[in-house]
Amino acid sequence: MTYFQVNRKLLLMKIHFFLGIGGNAFGPFLTIISKQRGYSAFIVGLIFMLQPIPGMLMRPIVGAVTDKYKCRRSVFIANSIIMFVLVCLLSIIPGTTSKEEMNDLDVIKSPLFWMFCTITILIRMVGMVNMVLEDTICMDLLEDKNNYGKQRLWGSIGWSLFAIIYGTCVDWYSTGLDYKNYTPGYVIAMLCFLLDTYVVCNLKIVQANDTKIVASDVKKVFTEGKVLAFLLWVVFIGFFMSFIWNFVFWYLEDLSNEFHPETKSWMKTLQGTALLIQCFGGEVPSFLFSSYILKRVDHMTVLSAVFFTFTCIFSLYTIIENPLWALPVELLNGITFAMSYSAAISYAALIAPAGAEGTLQGVVGTAYMGIGAPIGSIVGGYMFKHIGSIATFKLLSVVAFFTCAVQIIVNYILRRLSKNDDINSNVQTKDDNIKEDIHLT
């Protein structure tokens with residue numbers, strides 16, 4: 001008798017999430033790497049604004065092309081190989097360290113800056129393309145689309161484990177140095193992507209050849225008011241998440257420099273621990289129970305809760321002085337990402353016409369990562385440079401609360417309009433049936 005069965009397709013998908021997303025756990029450290037190179041908050045914001053733009057263009061294109069030409073497997077494998085190569089290139093860029101902030105104009109004139117910027121942009125682009133492919137493939141493998149979170153949580157586990165390993169290894173390798181040497185982080189990332197390439201090559205990816213995409217069906221989806229509103233909320237979530245992804249580590253170092261300089265020697269470990277708590281404490285449970293929640297709570301209501309949580313997060317950041325006290329806040333950061341991303345991906349799968357799943361996932365991903373996040377990055381960089389981290393989070397808490405209130409009101413109006421349309425449709429159907437009966441008699 002078999003007591004334990006493993007779905008091999010889903011097992012490989014879980015391993016891919018673990019390795020592929022775990023390999024990207026060095027991403028949050030790019031902000032601090034940039035700071036160590038002497039770049040200002042504005043320059044870092046500029047880098048992170050530019051990063052998602054190519055991915056924003058490529059995500060819907062790749063989604064549509066792989067839908068039409070049924071080449072999702074080939075593109076997925078090529079993408080994994082390219083990611084490995086790019087991390088190799090990033091690791092050999094000549095490193096610079098500067099205790100003083102460099103002039104922004106001098107930075108922009110530096111070829112070394114553009115080499116660093118270009119490779120990080122390409123890494124982000126490949127990562128964004130990878131997301132639309134893996135999300136579409138995962139959804140194709142699932143019978144219940146709300147179970148996406150149970151697969152994606154393995155990415156959070158990988159992200160958190162490798163983040164703490166990155167941070168600890170970098171602190172250890174940099175003992176006795178006046179700066180941090182990130183070589184161990186790059187090596188670990190390369191190993192992850194190399195193993196992930198093997199997993200992707202063995203992943204069973206099947207696309208139905210007889211499914212035709214009807215352009216009118218896709219166009220109809222994007223003309224619905226509730227879908228347009230959904231995409232707008234996704235843009236706002238990407239905007240707020242960019243501050244958490246790109247500037248929380250910068251904020252922690254500001255707290256360390258101003259209030260608790262004794263934490264400097266183990267700051268990378270602290271930052272890695274922050275990601276560990278964010279993922280294991282917030283993301284993993286949220287992804288695990290996301291299917292249960294989304295079956296019982298409307299997707300838009302989940303997004304309302306996410307906006308309210310953003311308000312709480314940014315408010316808490318304004319009253320913290322010790323970097324250690326920022327760790328509990330990471331629980332909320334994990335919850336906001338996991339629930340917002342699960343709601344967005346599952347909702348896109350539910351509204352997607354047959355054969356256009358990749359296209360819809362590409363559009364939603366573009367709204368999240370390609371529009372909201374870059375806007376938040378450049379705005380965040382400007383605000384951190386000119387008004388400081390604490391004042392930035394104070395302003396953000398007000399904006400998040402206002403966004404939450406507007407979103408709740410708009411969703412209420414759309415639900416009322418939807419009910420009226422359903423009533424009118426039922427009345428029209430009854431009238432047509434009565435006329436048909438009269439005609440027959």
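Heads up, the Cβ atoms here are built off N, Cα and C, so glycines get one too.
TrEMBL does not curate its annotations; it predicts them automatically.
So that you can see what the record holds, here are the features copied from TrEMBL:
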- 13-394: domain 'Major facilitator superfamily associated' (DOMAIN)
- 12-33: transmembrane segment (TRANSMEM)
- 39-62: transmembrane segment (TRANSMEM)
- 74-93: transmembrane segment (TRANSMEM)
- 113-133: transmembrane segment (TRANSMEM)
- 153-173: transmembrane segment (TRANSMEM)
- 185-206: transmembrane segment (TRANSMEM)
- 227-252: transmembrane segment (TRANSMEM)
- 272-294: transmembrane segment (TRANSMEM)
- 301-320: transmembrane segment (TRANSMEM)
- 332-351: transmembrane segment (TRANSMEM)
- 363-384: transmembrane segment (TRANSMEM)
- 390-414: transmembrane segment (TRANSMEM)
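Scored on C-beta pairs under 8 angstroms, the neighbour of the transmembrane segment (12-33) with the top count among 39-62, 153-173, 185-206, 227-252, 363-384 is 153-173.
A Cβ distance under 8 Å defines the sequence-distant neighbours of the transmembrane segment (301-320), meaning residues of its chain 6+ beyond its ends; these are 233, 236-237, 240, 243-244, 248, 251, 255, 293-294, 326, 329, 332-333, 335-336, 339-340, 343, 389-390, 393-394, 396-397, 400-401, 403-404, 407-408, 411.
The transmembrane segment (185-206) is not in contact with the transmembrane segment (39-62), judged by fewer than 3 CB-CB distances under 8 Å for residue pairs 6 or more apart in sequence. Where the transmembrane segment (363-384) meets the stretches 39-62, 227-252, 332-351, the count of C-beta pairs under 8 angstroms peaks at 39-62. No contact links the transmembrane segment (390-414) to the transmembrane segment (153-173), because fewer than 3 Cβ pairs that are 6 or more residues apart lie under 8 A. Outside the transmembrane segment (39-62), and at least 6 residues removed from its termini, the chain residues within Cβ reach (under 8 Å) are 31, 75, 101-102, 104, 107-108, 113, 117, 120-122, 124-129, 131-133, 242, 246-247, 250, 358-359, 362-363, 365-366, 369-371, 373-375, 377-382, 384-385.
If you count C-beta pairs under 8 angstroms between the transmembrane segment (332-351) and each of 74-93, 113-133, 227-252, the highest count goes to 227-252. Mean pLDDT, taken over the domain 'Major facilitator superfamily associated' (13-394), works out to 86 on the 0 to 100 scale.
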